[in-house]
Structures are given as C-alpha cells and as structure tokens.
C-alpha cells in the first residue's frame, strides 16, 4: 500500500525525522490559509499523486509550456494561483502512463535553502536477506538512470537485523553521502530513525529523494515515498486509515476483496494463472511472441468457483483487453473448478474477445470436457507455448 508524500512526512516526523513545515490542501480555497500558516517567503506547491516524476510532469488541460506538478511560489498570491491551476487537473508523468492522474490534493510546503541534494532509500535486499540502505550523492534525479549510467555512485549498506543501525553503519553512510560536520551528526541521528520507522511500520520501501543538506549544514527530508507490506497491514490500523483508494486501480481494489493477486499492466492480453511463478512465465512468453500482458493475475492454489468467476469478470472489465489466456496447472487447484468458474463468468458478462485455455494437471480432462460441452467459443491449447502463440495470433488477427 502506498501513501501520499505529506502523509509519509507526517509519519517520519512522528519518529523524529527533520521535515519541512507543510499543510495539505484539498480545495483551492484552502491554499491562502495554508500558505499564511507557514514561515515563507518561499513556498513549494506539490501535487499529491501516487507517482514519481511530478516536477517534470505536464497537466493535460494546460498548455505544453505550463509548469509541472511541483512548483516554487514566491508569495501567498502565487501559491493561490498555482493551486487554482493544479487542483482538479490531470497530471501526466513518466510513471502515470498517458492517462495521467487527477490531482485532488496539494501539499503547500515551506521553502528550503538547498546546498546539496542526496538520495536515500531503505528496502528489502533479497540478495543478502537483509534490510539495506541504498544511497547516492546524486539526489533529486532518476535513481534508475544513475544506477544504469554510473553504478559506482549508488552505494548499498546492509543492516544486521540483530544489531540495527550501528556506529559503523552510520560511518559508512556518511562516507557514501560525503557528509561531515553538522550534516554527519544529523546523519547519525536520522539513519536509525528511518530504520526504526521502516521496521516498526512494516514498510516495504522508504525513499527520500531528495534528502538535502541545507546551506546551514543541516539535513532535511525534502520528499518521502513510503510503501507498506500489504500482508502486515492488519497490524497497523493507523496506516490503513491513510489509504487513498482514488489513487488505486479499481480492478486491483476489486481483486483484493477476493484475495486475488492482481496487478494492472499496459498490454492487451488478459491473463488468469495459478501460481506467481507460472503467471510470470506466462507474461514472459506473451512478450516473447510480440504482445503485451494486460495484467498479472494469480488466482492461487485453492480458489473456489466464485473466486475464479470474480477473476474473469475483473479481466473483462478492462477495455484494453483484446484477448484472454487462461493457463492452469492443476495441483491443489482443480482444473474443473477453473472451467466452471469461467463458464459462470462468461454466462454473466458475455465473451467478446478471443479466449485461449490451457489446462494441465488435476482433473484437466474433466475441465476440458466442461468447457467443450459449454458451447463457448474457446480455443484449447496443448501447452504454454501453444497457448501463447494462439492468443497472440488471435489478438493480432
């Protein structure tokens, strides 16, 4: 689960992290009071959407030369003007896709005297089986591009879970970020704070980009991207209250009601698979044959007929889907259950796109018979390779 920047900063502030003063705004009429509540004279007006690249983004409704989703304002009147221009409009960034996201919230923040911009994140490093800091002196930039072009500028420091952030870890992080004086002292305080927040709130990602060194030599968290482990949210009702479902894909919200692992993608071939590994292999082979998957959907090992029906309906709700591939290897999951669920869904919502089904394993022959006897226009496949070829050919015509 993701939260907005202003929510992430409030959370980090509650742990003792240094963040700028700011006020969230939901209506343009609130912008003036928000700005007057801050010291000024410089303000930053930030679009609050669950996507990166806001500063370089463009609003659909505005002219191409209009400012992006993060704007510097030099007066209260300037804050108000920007709020009126940004709220309710659609911001397109490199992470939103061409559809963009509507800006329904702004964060009016006090300006900062920036000396240097740094990058810091905390994540689960599966290569070493530990939580790790990833830092770079190249902050405020696309960290993926930095890692690709100059990998030596991205430093990873893994943390021993039994010891937490040690003095030696702090020394390594300060050296990697080239911090000294007051900034190094602040690092000695900040790094353990961020690690504590990550652990106690069951985060999956904490990204500060940029972490700044101000002209007075002190550190400040200037941006915060926070993601939480969905499987641990039951332990954090306070975090669940921060959820903004308007920022989430409607199909993903619906899938979560049925405990379906669903992720919307940008392609046009819908996928229903059992098992995450098989689902990824299915998406890979679709791409291999020149098409793009519209989703990741794992119905799991013990799905019921109702769950399969719900999964199929979620796939068909996506207007981008031009074909559907069902790939089931029956173990715990029985192929006849899949067949019954698909037939029930088709009878309810109809079938207007090609459907290719590959069933293998427990009750596979029974599942195939159920589908064949249904009278549905379904193409059977012998194996995964055959299934991928058939659905790609059907979609491409």
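Cβ coordinates come from backbone N, Cα and C, glycine included.
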Self-check item: From 230, 231, 268, 274, the one annotated by Swiss-Prot with 331, 332, 333 for substrate
Solution: 274
Quiz item: Given that the record lists 274, 331, 332, 333 as binding substrate, what is the largest C-alpha to C-alpha distance among them, in Å?
Solution: 10
Quiz item: Any idea which of the binding-site residues 53, 55, 331 has the thinnest Cβ neighbourhood at 10 Å?
Solution: 331
Quiz item: Got a sec? Which of these binding-site residues, 112, 332, 333, has the most Cβ atoms within 10 Å?
Solution: 333
Quiz prompt | Integer mean pLDDT for the domain 'ATP-grasp' (9-254) | solution = 95
Quiz item: Over all shown protein chains, what is the count of other CB atoms within 10 A of the CB belonging to residue 223 (Mg(2+) binding site)?
Solution: 23
Quiz item: Under 8 Å Cβ-Cβ from residue 109 (ATP binding site), six or more apart in the same chain: what's there?
Solution: 20, 21, 22, 38, 43, 44, 46
